[in-house]
Amino acid sequence: MLNALYPLFRPALFSMDAEDAHHFTLNNLLRAQRLGLGGCIGNRIAEDPRTVMGVRFPNPVGLAAGLDKDGAYIDGLASFGFGFIEVGTVTPRAQPGNPRPRMFRLPQADALINRMGFNNGGVDAFIANVKASRWKAEGGVLGLNIGKNADTPIERAADDYLYCLERVYPHASYVTVNISSPNTKNLRQLQGASELDSLLSTLKAAQQRLADQHKRYVPVALKIAPDLDADQIGNIGDALVRHKIDGVIATNTTISRDAVKGLPHAEEAGGLSGRPVFEQSTHVVRALRQVVGDAVPIIGVGGIFSGADARAKIDAGAKLVQVYSGLIYRGPTLVRDCAAALRA
């Protein structure tokens, strides 16, 4: 039902502040789910299982992190038929993020700019929400995305990632280490060769220790930026293989404005997502695949607005895909279209 109605609702939603519309939609989606209306508003998607990172995904279309930062809306979002859902980014301590307004639509370009700044309620509240999810309890594949607090010095970033990893590990299908948001000062420095080598070494050791402790191996993936040159992609790919990291998510938002110059809000600070990042993010997927081969599976995200876009990510070397901005513009029909295009 929502597939048909979303185009009618969208003008009203787009008349609201972008962040207010975001919360309004999620709250009403969760309310409908709790009233037992999830089957009426969502998608029924046939299973098309893929095993990636040792995890069985019911279908290859997932929700990217950022839409549900606190894991508070998992059950409502699950009604869209995702093969997996990623929530976060979460940090050790609660933080408000950047001042509002901090999210902007560029409808002429099917794009968003955000400078949210990892606003979240902290990892303990996050875990409580995850544990309360019925969908997760019934076997839903849930990725938990972790980051560092804004006031943690970059030299101590590993402490924040370790703190979060230890707490989310028992509750995750996989864990994503976000080092690529442009909205936390100096965070992307962690993509540098020496910084990344040190961080991955630390996290891999912790993962092995936690696997022994919990008698369960939870894969760890790294989320990277699209704003990388060939040498940087090569260095990151080599580090992923060398440290036996389980997966990589390519990509986060871009700081480039080349594709949206002159549009309202184009010069707002933050990360640009949506259709304009498609080519750039797909290039990173393709280049990264040439470096890592089959050793490190890639989850492709960035600018997916159609089944053909999802197929292009897979053809470039991704094993799974994620959507976010396309969902805002197209609604849950996008999930159905992508799943159909990728059906084996």
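For all residues, glycine too, the Cβ spot is worked out from N, Cα and C.
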For the FMN site that Swiss-Prot gives with Ala65, Gly66, Leu67, Asp68, Lys69, Thr89, Asn145, Asn178, Lys223, Gly274, Gly303, Tyr324, Ser325, which of Thr202, Thr251 also belongs there?
-> Thr251
Could you give the Cα-Cα distance between Asn252 (substrate binding site) and Ser181 (active site, nucleophile), in whole Å?
-> 7
Counting Cβ neighbours within 10 Å across all chains shown, tell me which of the binding-site residues Ala65, Leu67 comes out on top.
-> Ala65
Three-state secondary structure of Gly274 (FMN binding site) from DSSP?
-> strand
Arg115 (substrate binding site) CB neighbourhood, other CB atoms within 10 A = 21
Give the number of CB atoms, excluding that of Tyr324 (FMN binding site) itself, located within 10 Å of its CB.
-> 21
